C-alpha cells in the first residue's frame with residue numbers, strides 16, 4: 001500500500017515535470033484574445049493589483065491564464081511581464097461583446113478551450129490571433145464601437161404619466177432622439193462629459209464618427225432600443241453622459257441649446273445614465289490591418305468567423321442581464337427620478353447675471 005502511494009506521488013511529480021518541460025519548450029508569442037463578458041457584479045475590466053475587495057474581469061482572466069498554463073504565476077502578479085494591454089477599460093457593471101486584449105503567452109495545445117475551462121460561463125474567450133511583437137491593443141486601436149440598450153420609456157416626456165411596460169416609442173420621438181444624437185458627430189470638447197478634465201485640457205477633445213438609435217423592439221413585454229456610438233476613443237463616463245443629456249432634453253428637463261453650451265468652456269451639469277445598458281461591441285484596427293493584415297505572416301484583426309459566437313453570447317448572457325436587472329432593480333426608472341434634481345440652467349443664468357453686472 002505504501003509503495004502504491006509512493007508510485008502515485010512519483011507519477012504526479014513526473015507529470016508536473018513533463019508539463020514544466022513542455023512549457024520551457026513552447027516559446028512565448030504575442031497574441032490577441034477576443035473576449036466577451038457580462039459585467040454585472042464586477043468593478044470594471046481593469047485589474048487593481050493588491051485590491052481584492054473590488055473584483056474585476058481581469059482578475060478572473062489572469063487566474064484562468066495561470067491555471068491553464070499559458071503564463072507563469074509571476075506574470076499574473078506583474079502583468080507587465082506578459083506585455084498585457086486591454087483595448088478598452090470598461091467601467092463598473094459594463095459588458096463587452098468584442099473586447100480585445102494583447103499579451104505574450106505560451107501557445108499550448110487547445111489553448112482557448114483550456115482558458116475557458118477556468119473561466120466562469122459569463123466570461124468567454126471567443127477567438128485568438130497572432131500579432132506583431134510590438135503590438136499594443138490600446139495604442140493600435142483606431143476606433144471603438146459601443147452600444148447602449150435602454151427601455152424606451154426613458155424618452156417619454158416628463159409631463160406624461162407613463163406606465164413603463166405599456167410605453168411604446170413613436171416615430172416622431174425616435175426621429176428627435178436621432179437628430180440630437182447626430183449632433184455629437186465630429187470633434188467636440190467633452191470636458192463636461194467626464195470628471196477631472198478642465199475645459200482647456202487638449203485630451204478632452206474627442207472625435208465621434210457615428211451615433212444613432214435603432215428601431216425599438218419588445219422583450220418580456222417591455223420595449224427597448226439600442227443606441228450605437230463609434231468614436232476614436234472615449235473618456236470615463238463619456239458615453240453615459242452623452243446619452244444622459246439627450247434623455248434630459250427629450251424628456252423636457254433641458255433645452256436643446258444645452259448641447260452647444262456643454263462643449264463650451266463653462267461648467268454644465270450633465271447627468272450620467274446608468275452603466276447597466278452599456279456594451280463594448282467592437283474595436284477597430286483599420287491602420288494595423290492595412291499594414292500587416294495581408295503581409296503573409298499575420299491575419300487582419302477582423303472577427304467575421306466569430307460573429308455568430310458573439311451574437312449567441314449576447315443573447316445568452318448580456319441582453320438577459322440588462323433586461324432582468326432593469327425589471328428587478330429598475331435602474332433606469334430610478335435614475336430618471338433624479339433628473340429633476342439637476343440644474344440645467346444655472347450656468348447660463350449666471351452668465352446673464354454677470355453680463356448685466358458688467359454693463
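Placed from the backbone N, Cα and C atoms, the Cβ positions cover glycine too.
Automatic prediction, not curation, is the source of TrEMBL annotations.
Annotation for residue 91 (active site, nucleophile): spatial neighbours 44, 236, 237, 275, 278, criterion Cβ-Cβ under 8 Å with sequence separation of six or more. Per TrEMBL, active site, nucleophile is recorded for 91.
All protein chains shown were included, and the count of other CB atoms within 10 Å of the CB of residue 146 (substrate binding site) stands at 24. Taken from TrEMBL, the feature substrate binding site applies to 146.
In the predicted structure, the domain 'Pseudouridine synthase I TruA alpha/beta' (184-286) carries a mean pLDDT of 95. Per TrEMBL, the feature domain 'Pseudouridine synthase I TruA alpha/beta' maps to 184-286.
According to TrEMBL, the feature region 'Disordered' maps to 1-26.
In terms of DSSP helix, strand and coil, the domain 'Pseudouridine synthase I TruA alpha/beta' (184-286) has 25 helix, 33 strand, 45 coil.
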